[in-house]
Ligand code: COA
C-alpha cells in the first residue's frame with residue numbers, strides 16, 4: 001500500500017528584515033550573509049504569533065478537501081513550544097475545529113521533530129489505512145540580537161497531511177536514522193535562546209550526512225542517478241550546498257549538475273523566510289515544487305533531516321501525478337509578496353516586545369495581519385488565541 005504526503009500547507013509571518021540592512025547595522029559585509037551564509041531575508045515574528053498560531057495558520061492553508069472525518073492523529077513537531085506540559089497539537093485541534101476523536105501530541109528533537117512526526121504518521125496510516133494524520137512542523141528560530149546565529153533566524157510552519165494513496169509524495173520504506181549524543185545546539189529549560197556552537201554544529205551535520213548516506217546506499221543500493229533532487233534540512237542555505245559538496249566526489253557530472261540546480265530551487269523560500277527549524281526540510285520541498293517547473297510525477301526525491309543533539313535521517317519519496325496542485329502555490333506567492341519590510345530598529349523593537357515570560361495576565365496588542373489565528377494574550381496562566389475569521393463572522 002502506498003502511504004505518504006497528500007497535501008502541504010505553509011505559513012510564515014508578515015514581517016521581514018532585508019539582510020543587507022542587517023549586515024550594515026552589524027558592521028558586516030552584506031556578501032557574508034547573502035553568499036557566505038546564503039540568506040537574503042529573515043522573517044520577524046510579531047508577538048501575535050507563537051508555534052500554536054503558526055501551526056494552525058499553516059494547516060489553514062491546506063487544500064479544502066485534505067482534512068476530513070478520516071483524521072485520526074494530529075502531531076506538532078517543535079522546539080520552540082510555549083508550554084512545558086500541554087501539547088500545541090491540542091490547541092490546533094481546537095482552533096481548527098477538528099474532529100476531537102483524534103490522538104494529539106507534540107514531538108521534540110530539535111529540527112528533527114517534524115520528520116519524527118511524519119514517519120510516526122506513516123506507521124500509523126500503515127496500521128490504519130482508512131485514517132489520515134496531520135503533522136505540523138512549527139517553530140520560531142531565535143538566537144538573539146547581534147548573536148552569531150542572528151542572521152539565520154526565521155519563523156514559520158509547514159502542515160503535512162499523511163494518508164494512504166497520497167496525491168503528492170509516496171514515501172518509500174527506506175528511512176535510515178543515526179543518533180549520537182553531542183552538544184552542538186540545545187536550549188535548557190528556562191532559556192529563551194539556544195546554546196549553540198554554529199561551526200561545530202555545521203561539521204557535526206556534515207559528519208551525519210556522510211555516515212547516513214553511505215549506510216543508506218549500502219543497505220538500499222540507491223545511486224545519485226536515482227534522485228531527481230536531494231533536499232536537506234536548511235538552517236541556512238549554505239548548509240545545503242556544503243552537504244551536497246560533501247557527497248559530490250562520488251557523483252558523476254550530470255548528477256552533480258542536476259542535484260545542484262534542484263537544490264538551488266529548493267533553497268529559494270529558505271533564503272527569504274530563514275530558518276524554521278522543524279519545518280525547514282519541508283520548506284525545501286515546497287520551494288522545489290514552487291520554483292522548479294522541470295520536476296515531474298514519478299521523480300524520486302531524497303530528504304535528509306537533521307536535528308541537533310543529534311539525529312540525522314535520510315528517506316525518499318516519489319512525486320505523484322497531482323503533486324503540483326496539492327500546495328497552494330499562488331497563495332504562497334501572495335503571502336510572501338504581501339510581507340512588510342522592517343528596518344533594523346523596528347525589528348529590534350519587535351524582537352524584544354514578545355509576550356513576557358511568567359504567568360501574569362497580559363494582552364498582546366492586535367496588529368494588521370492577514371493571519372487567521374493570532375495570540376490574544378494570557379489569562380489565568382493560559383495563552384488565549386484569536387480567530388479572525390470567527391471574529392469577522394460574529
Ligand atoms: N563574502 C562572501 N563570503 C563570506 C564573506 C564575504 N565578505 N565573509 C565571510 N564569508 C563566508 C565565510 O567564508 C564562511 O563560508 P564557509 O562556511 O563556506 O567557510 C561563511 O561566510 C560564514 O562565515 P563565518 O565566519 O563562518 O561566519 P560566522 O562565524 O558568523 O558563523 C554560522 C556562521 C552559520 C555558523 C552562524 O551564523 C551560526 O552559528 N548560525 C546558527 C547555526 C545553526 O543554525 N546551527 C544549527 C545547525 S542544524
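Note: Cβ is positioned from N, Cα and C throughout, glycine not excepted.
DSSP classifies residue 79 (active site, proton donor/acceptor) as coil under the three-state reduction. Neighbour density for residue 79 (active site, proton donor/acceptor): within 10 A of its CB lie 27 other CB atoms from the protein chains shown. What TrEMBL records for 79 (among others) is active site, proton donor/acceptor.
DSSP gives residue 111 (active site, acyl-thioester intermediate) a strand state. For 111, the entry in TrEMBL reads active site, acyl-thioester intermediate.
Neighbours of residue 233 (active site, proton donor/acceptor), defined as other CB atoms within 10 A of its CB across all chains, total 32. In the three-state DSSP assignment, the secondary structure recorded for residue 233 (active site, proton donor/acceptor) is coil. Residues or ranges marked as active site, proton donor/acceptor in TrEMBL: 233 (among others).
The (3S)-3-hydroxy-3-methylglutaryl-CoA binding site annotation in TrEMBL covers 143, 242, 275. A 10 Å cutoff on Cβ-Cβ distances gives residue 242 ((3S)-3-hydroxy-3-methylglutaryl-CoA binding site) a total of 17 other Cβ atoms nearby, all chains included.
Residues annotated as substrate binding site in TrEMBL: 148. Within the same chain, the residues at least 6 positions away from residue 148 (substrate binding site) whose Cβ sits under 8 Å from its Cβ are 196, 198, listed in sequence order.
Residues annotated as domain 'Hydroxymethylglutaryl-coenzyme A synthase N-terminal' in TrEMBL: 2-163.
For 178-249 (among others), the entry in TrEMBL reads domain 'Hydroxymethylglutaryl-coenzyme A synthase C-terminal'.
What TrEMBL lists as domain 'Hydroxymethylglutaryl-coenzyme A synthase C-terminal' is 251-341 (among others).
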#### Entry: Helix, strand and coil counts within the domain 'Hydroxymethylglutaryl-coenzyme A synthase C-terminal' (178-249) (DSSP)
39 helix, 10 strand, 23 coil
### Summary
When the binding-site residues 143, 275 are compared by other Cβ atoms within 10 Å, fewest goes to 143
### Task
Would you count the other C-beta atoms found within 10 angstroms of the C-beta of residue 111 (active site, acyl-thioester intermediate) for me?
30
#### Entry: In three-state DSSP terms, the structure that residue 143 ((3S)-3-hydroxy-3-methylglutaryl-CoA binding site) belongs to
coil
### Message
Can you give me the Cα-Cα distance between residue 79 (active site, proton donor/acceptor) and residue 111 (active site, acyl-thioester intermediate) in Å, rounded to a whole number?
### Response
7
